[in-house]
Amino acid sequence: MLLALAQWLQNDYSFLRVVNYLTFRAVMANVTALVIGLAFGPWVIRKLTELKVGQAVRTIGPQTHLVKSGTPTMGGVLVLVSIAVSTLLWCDWGNRFIWVVMLVTFGYGAIGWVDDYRKVVYRDPRGMSSREKFFWQTLIGLVAAVYLAFSVSESSNVRVWELFLNWVEGGLSLDMPYKSNLIVPFFKEISYPLGVAGFIVLTYLVIVGSSNAVNLTDGLDGLVIMPVVLVGGGLGVFAYVMGNAVYSKYLLFPHIPGAGELLIFCSALGGAGLAFLWFNAHPAQVFMGDVGALALGGALGTVAVIVRQEIVLFVMGGIFVVETLSVMAQVTWFKITKRRYGEGRRLFRMAPLHHHFELGGWKETQVTVRFWIITMLLVLIGLSTLKLR
């Protein structure tokens, strides 16, 4: 919005030309989201407390968590509002990619909101059934995947009301390398052709998988939000490079017109995430809830598939991957041993993995900070693939 206003007024006020620079708008999006989050955080926490939207804590988990019972949840609303306002203020409204990411983010946020609402207001610990939640995740993920597969290839910029016009004719052939190939990190000449069906399936799996992986990781004070910020920042760098014709050519990446605008979204996510961490750091004043975790995970997955860095997301988000695998392994092993021995056995003290370390003697803050450190290293490894190819 501010970009269009600045372009309209820049002939009379030349200093407004600075708004045309993507990096300037990215910085401002970060600051704007940070300020909104810090300014409205106390009010949101107070309102959630008044509404008695408190988190129920499982008694079978670490006993140190029992003191958290009643802490306001659904704080992810603060993150999403901060991202939305900041992104819409500083992005180019005609960019297709921005709207796709926003659709997935807030669509998954709506799923999480309903799930949280049922848990804390209706006092239903199950929330949405797994089948119901998966159905809506699948629907939104497939809509995004199909749109990205068949949307116009040549340019990402259109008028807002033209976002869904002539979309099939522009994308059926999938003639752009960034759409049809899976890019393999560290190898500049190796990529795997996907085709239409392959692209849609991969996009769907990455979006839904990323959303659920981030949600599973959200179990300790401050644990998930910092990795989300770090991975989002890393993907923002890829978006900037892939969207810049000069940098993408120099680094031997396919040029994706308009992808650089996703840096605005990633920067807003970073600012909103840091603001939320201010209140979510141990001891947490508010929890994110599914409304935030599902949405942010979906956002990371969507950005990754747009910039064709699905494997890099797997690397940078290694903590999310390991946490998810720990749950899958725990459930699978329990079922196998129950059939074989008549009694289920566990691979870990408790899943997801962060609870395993807690029950092993690590303090909550130790688990959190150590997972942050691991994520920092993984993000650096992911960023190294820009040059080490």
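Note: Cβ is positioned from N, Cα and C throughout, glycine not excepted.
Per Swiss-Prot, the features are as follows:
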{"type": "TRANSMEM", "residues": "25-45", "note": "transmembrane segment"}
{"type": "TRANSMEM", "residues": "74-94", "note": "transmembrane segment"}
{"type": "TRANSMEM", "residues": "97-117", "note": "transmembrane segment"}
{"type": "TRANSMEM", "residues": "134-154", "note": "transmembrane segment"}
{"type": "TRANSMEM", "residues": "190-210", "note": "transmembrane segment"}
{"type": "TRANSMEM", "residues": "222-242", "note": "transmembrane segment"}
{"type": "TRANSMEM", "residues": "259-279", "note": "transmembrane segment"}
{"type": "TRANSMEM", "residues": "286-306", "note": "transmembrane segment"}
{"type": "TRANSMEM", "residues": "311-331", "note": "transmembrane segment"}
{"type": "TRANSMEM", "residues": "366-386", "note": "transmembrane segment"}
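Taking residue pairs at least 6 apart in sequence, the transmembrane segment (259-279) and the transmembrane segment (190-210) share fewer than three C-beta contacts under 8 angstroms. Against the transmembrane segment (286-306), the recorded stretches 25-45, 97-117, 259-279 differ in Cβ pairs under 8 Å, and the greatest number is found for 97-117. The recorded stretches the transmembrane segment (74-94) and the transmembrane segment (311-331) do not share 3+ CB pairs below 8 A when only pairs 6 or more apart in sequence are counted, and are therefore not in contact. Beyond its flanks by at least six residues, the transmembrane segment (366-386) meets 185-186, 220-223, 226-227, 230-231, 233-234, 237-238, 241, 251, 253, 282, 309, 312-313, 315-319, 354, 357-358 of its own chain at Cβ-Cβ distances under 8 Å.
Taking Cβ pairs closer than 8 Å, the transmembrane segment (97-117) reaches residues 53, 73-74, 76-77, 80, 83-84, 87, 91, 127-128, 133, 136-137, 140-141, 143-144, 147-148, 156, 160, 163, 207, 211, 215, 258-259, 261-262, 264-265, 289-299, 301-303, 306 in its own chain, all 6 or more past its ends.
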